[in-house]
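One structure below.
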Amino acid sequence: MAQTLTILGLESSCDDTAAAVVRQTEGQAAEILSSVVHGQADLHSAYGGVVPEIAARAHAEKLDICVRQALTEAGVSLTDLDAVAVTAGPGLIGGVMSGVMCAKGIAAATGLPLIGVNHLAGHALTPRLTDQIAYPYLMLLVSGGHCQYLIAHGPEQFSRLGGTIDDAPGEAFDKTARLLGLPQPGGPSVEGEARQGDPKRFRFPRPLLDRPDCDLSFSGLKTALMRMRDQLVGEKGGLTRQDRADLCAGFQAAVVDTLAEKTRRALTLYLDEAPAEPVVAVAGGVAANAAIRAALETVCAEAGARFTAPPLRLCTDNAAMIAYAGLERFRSGARDGLDLTARPRWPLDQSSPAMLGSGKKGAKA
């Protein structure tokens, strides 16, 4: 008889406090029974970025509320659960610790198994939650603190093909927004301005395209935009609305072109493994960018691979992905004890050397 599992997931690695309940009967599609997210944008907006101490306090205040709301919306109680899963890293350590302590409390009080989940694995496994794709698949994980190409072979088996050696794309979008006086988060703000701009007016560099590997770099792109902004301000005394839109359009075009070309290279390496049904998936907050999605769809179509991306609400940080990743670990027999520790850094591919740089979620795992 097929086993049905119901998992509570907790997420608190950056500036979103989240809880969710996911249920799956073996061999069938998983179902998100509830997904609650309490954001902190209003707490950090005055500082131009996430303040770790403020984030940690907010997580501690909101986690219990999120858990109760998630259970209520799912129509379940703690006795209906099979396990509790929690992000144990990588991330801002204060927030990760808040989530781990909350999950430990639930596990200790109820006797439920505790499952520690790598936040990046949560993103990487989201396409299996939403589209039931089979292993192995090529994953582009592109977010505020991370950017890497992975081949997913199993819930805990990932091979990294390459990644960013400095800023992640999400950081570059955020910094671009700050340079141009746009609101945070920067991704939606820059994308919105870019729709009104001319991407050909300003030609920004496409970093590392002269190298044949799958590594990326975005810090030089940010610097080039800052210099162009300063030049315009020096010449005209300020930026017009059209200047700002054209700068955003040129910046976004450079990011899109870079990701498209590096994806072609990663796809070639992935196809060398001769997967029966080649699939390319993209996840993470920056995956919500429509221009990036469209470019990746074109690259996949050219190579005869299926392209998939989760719904926008599951691209950004959420606990449904943590619950599902925990569910996959639970099915494979994984369990963690009450000695589970929070980890600020936690690479998915333990066999690869650490990436350079350190984003808002820690090292470029």
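Cβ atoms are placed via backbone N, Cα and C, with glycine included.
As recorded in Swiss-Prot, the features of this protein are as follows:
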- His119, His123, Asp317: Fe cation binding site (BINDING)
- Leu141, Val142, Ser143, Gly144, Gly145, Asp174, Gly187, Asn289: substrate binding site (BINDING)
- 184-203: region 'Disordered' (REGION)
- 192-201: compositional bias 'Basic and acidic residues' (COMPBIAS)
- 342-365: region 'Disordered' (REGION)
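Swiss-Prot feature annotations superimposed on the structure.
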residue	record	Cβ within 10 Å
His119	Fe cation binding site	31
His123	Fe cation binding site	31
Leu141	substrate binding site	27
Val142	substrate binding site	29
Ser143	substrate binding site	28
Gly144	substrate binding site	26
Asp174	substrate binding site	25
Gly187	substrate binding site	25
Asn289	substrate binding site	26
Asp317	Fe cation binding site	27
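Looking only at Cα atoms, Asp174 (substrate binding site) sits nearest to Asp317 among the binding-site residues His119, His123, Asp317. Between the C-alpha atoms of Gly187 (substrate binding site) and His119 (Fe cation binding site), the distance comes to 20 Å. When the binding-site residues His119, His123, Asp317 are screened for a Cα within 10 A of the Cα of Leu141 (substrate binding site), the ones that qualify are His123. Neighbour count (other Cβ atoms within 10 Å of the Cβ, all protein chains): 28 for Gly145 (substrate binding site). Counting in whole angstrom, His123 (Fe cation binding site) lies 9 from Val142 (substrate binding site) by their C-alpha atoms. The two recorded residues Gly144 (substrate binding site) and Asp317 (Fe cation binding site) have their Cα atoms spaced 10 Å from each other. A gap of 11 Å separates the Cα atoms of His119 (Fe cation binding site) and Gly145 (substrate binding site).
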